[in-house]
Amino acid sequence: MATTSAALLTGLGSSFLTGAKGSKTLLSIPVAAKSGVSSVVAPKRFIVVAAATKKSWIPFVKTGGNLVDPEWLDGSLPGDYGFDPLGLGKDPAFLKWYREAELIHGRWAMAAVVGIFVGQAWSGIPWFEAGADPGAIAPFSFGSLLGTQLLLMGWVEGKRWADYFNPDSQSVEWATPWSRTAENFANATGEQGYPGGKFFDPLGLAGKTQDGVYIPDTEKLERLKLAEIKHARIAMLAMLIFYFEAGQGKTPLGALGL
């Protein structure tokens with residue numbers, strides 16, 4: 001399994017995705033061992049998390065082998081309740097990738113759920129018919145909209161992939177030409193998927209800015225990470241229900257009698 005994951009990740013690690021020629025894509029390489037990080041990156045405060053206590057997804061049940069208490073899950077990930085009946089996270093490299101995928105899909109799902117409710121409440125048009133409705137606000141043709149979406153999302157997702165395989169490779173001036181400083185795209189927390197900083201945490205929900213340097217608050221960050229992953233999972237389940245409802249011609253608001 002380890003050989004398979006290494007081959008897969010190496011295959012994905014092109015120079016475009018990694019942001020540097022000859023970059024190594026093995027996820028076990030510490031960030032500190034990476035080279036080529038721009039000197040303009042602000043100093044970071046790394047989060048030190050205390051040893052986690054393993055929790056069970058079946059209340060009060062602690063035994064039952066890897067079905068109930070997988071040995072490869074140690075409770076250190078936010079929202080880790082030992083649920084991995086298919087053993088998808090046995091390989092550490094794949095476990096890191098699946099957590100990244102869960103986090104990104106969950107954030108999109110949360111945005112989609114809010115958009116579906118607000119959009120239908122505002123226009124009265126079911127979310128799955130909004131794009132084809134004559135009254136929909138569409139100043140662009142479908143082809144122009146699709147092309148713009150693919151271009152912009154392709155650029156952003158490409159940058160995210162590059163940063164995933166080569167952390168901090170995008171916090172350099174050439175990678176962020178629209179930004180006045182590469183510090184805006186640096187990872188201020190040192191944790192994958194939680195960049196923080198003045199650009200990604202402007203309200204200071206998980207830290208504070210002191211003398212121009214973003215300082216993460218360990219306690220707040222851990223609490224928000226747990227809250228986010230819980231809400232993300234609920235949102236993904238909600239979207240799955242919305243799809244089933246749409247197949248029957250129903251909407252979330254209609255199902256609620258609104």
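Note: Cβ is positioned from N, Cα and C throughout, glycine not excepted.
Remember, TrEMBL labels are computer predictions, not curated facts.
Around the Cβ of E102 (chlorophyll a 1 binding site), the same chain contributes I229, A232, R233, each under 8 angstroms and 6 or more positions distant in sequence. Summarising the annotation, TrEMBL assigns chlorophyll a 1 binding site to E102, E228, R233.
The chlorophyll a 2 binding site annotation in TrEMBL covers H105. Of all Cβ atoms in the protein chains displayed, 15 besides its own lie within 10 Å of the Cβ of H105 (chlorophyll a 2 binding site).
Per TrEMBL, the feature chlorophyll b binding site maps to R107. In this view, R107 (chlorophyll b binding site) is surrounded by 15 other Cβ atoms within 10 Å of its Cβ, with every protein chain counted.
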Exercise for review: Rounded to whole angstrom, what's the largest C-alpha distance between any two of E102, E228, R233, listed as binding chlorophyll a 1?
Suggested key: 11
Exercise for review: Sorry to bug you, but what's the C-alpha spacing from E228 (chlorophyll a 1 binding site) to H105 (chlorophyll a 2 binding site), rounded to the closest Å?
Suggested key: 12
Review point. Do you know offhand how many angstrom separate E228 (chlorophyll a 1 binding site) and R107 (chlorophyll b binding site) by C-alpha?
Key: 8
